[in-house]
C-alpha cells in the first residue's frame, strides 16, 4: 500500500511524529490524496508491529517520535526498486457500466459514451489548467506535484482514447446489425462453479469469462 | 466586454449533388470571442476540416451565415474577403507551411507586405510577433535552420502579426513531439490570453484540453461541448 511505503520512505530521511508525517506525505504528493491523522497512526502501529520502525522519545509538546529500523530501510529500498503491481481484480466502474449497457435493449450507449467523454474531457481541461499554473518547477515539492498532475492527465487522456475507440467499435457493431441481447440467459448450471484456481482479471477476460 | 471574432449561424455544407451528395456539416452554430480558444475534436470525416475552412472563409457554406470580426462574408466580394482574411485571420498548419526561401522575419511579414504595409512598419510588427513567441533572435534564420517547434512558433507569429486576431489552427502539434507540442500550445495560449481568439482542430485530447471550450463533431453535427471549471474544485483545497 503506497501510504505505508511512503510513510516508511519519509521516516528513512529521519525520525518524525504522526502529525508531521501526514504533512510531509501531503506536501510530497501535492495534497492530491489527503489522508487523516488517524490513518497515519494506524499505519505507524502496523509498521512498528512489523518491526520496520521503533517508537522513540517524546518531546515537550507530547509528540512521539518514530525511527526506521534496518529492516524498514531494506523495505524502502525494495519498494523503490520494485515495479508497482496494480490489483488486477479492481473493478472498473466505467468498463462495467458500458459492458452491461451494451447488453440492455433500448439503451443509447453512444450517448452514454458521449456524456462520459465530455465529463472526462472537462476533468482533463481542469487538470491541464492546474498544471499550467505551475509548469516551471522551482522546487522538488513543485516537481513532485507536477508528476502527480501529469499522471492524472495521462489517465484522463487514456480514458478518452478508450471511449473514442469504444465509440467506433460500437458504431461498427451497429452497422453490422448487432443488437443487445434481450432475454435473461439461463445460467449454465446450478451451484457454485468448480474452480481449481482463481483467475486474474486479465485471464478471465482472455478466456471470455465474467469479470469478478 | 469581450469582442466576438467569429460566428457561424446554422452553417451546413454539402459536397456533390444527387446520389453522390455528401453532407459534411449540418446546422453548426459556433461563436468565438476574443480571449477564447476553442478546440474542435471528432473522428476522421466528422467535418472538422470543413468547419475550419468555412471559419476561415476558404469554403463557402451551402447554407447558413459566417460572420468574421463583425462582417458578414456572404455579402463580400472575393477581393474584399481576401483582404479580410489577410488582415484578420492567421492560419497555422500541421506542417508549418513556411516559405523556405524567406527568413523567419520575411515569412512573418509576408502578409503585411501583401497588404502594402511600409517596410519599416512591417519589420517592426514582424519583430514584435517573433518576440511574442520568443524567437526574435532567430529572425534572420531560414526555416531549414530551425527546429520543428521553432518553425511552428514562426507560423504562430505569422498568424498573429499586425492586426490579425483570429488564429485558425489545423493540428498545430501534429508534427511535433509531446514536449515541443506543449511549448507551441503555451505560445498559442499566451496569444489568446493576450486577446486573440483561436479555433484549433486536433485529435489529441491532451492538447485540446488547453482550450477554454471543446466542441465535438459527429457526422457533421456538434454533439457536445465541454468547458473548464475551476482546478480547485478538482484538486481540493490542498493547493
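Residue 1 is the first one shown; counting continues down the chain.
Glycine residues also receive a Cβ, built from the backbone N, Cα and C atoms like all the rest.
Model, not experiment: these values are computed from the prediction.
Annotation comment: TrEMBL describes A:196-206 as compositional bias 'Low complexity'.
Residues or ranges marked as domain 'Transcription regulator PadR N-terminal' in TrEMBL: A:7-77. This prediction places the mean pLDDT of the domain 'Transcription regulator PadR N-terminal' (A:7-77) at 92.
Marked as domain 'Transcription regulator PadR C-terminal' by TrEMBL: A:90-170.
The region 'Disordered' annotation in TrEMBL covers A:173-212.
Counting residues per DSSP class in helix, strand and coil order gives 37 helix, 12 strand, 22 coil for the domain 'Transcription regulator PadR N-terminal' (A:7-77). Secondary structure of the domain 'Transcription regulator PadR C-terminal' (A:90-170) per DSSP, as helix, strand and coil residue counts: 64 helix, 0 strand, 17 coil.
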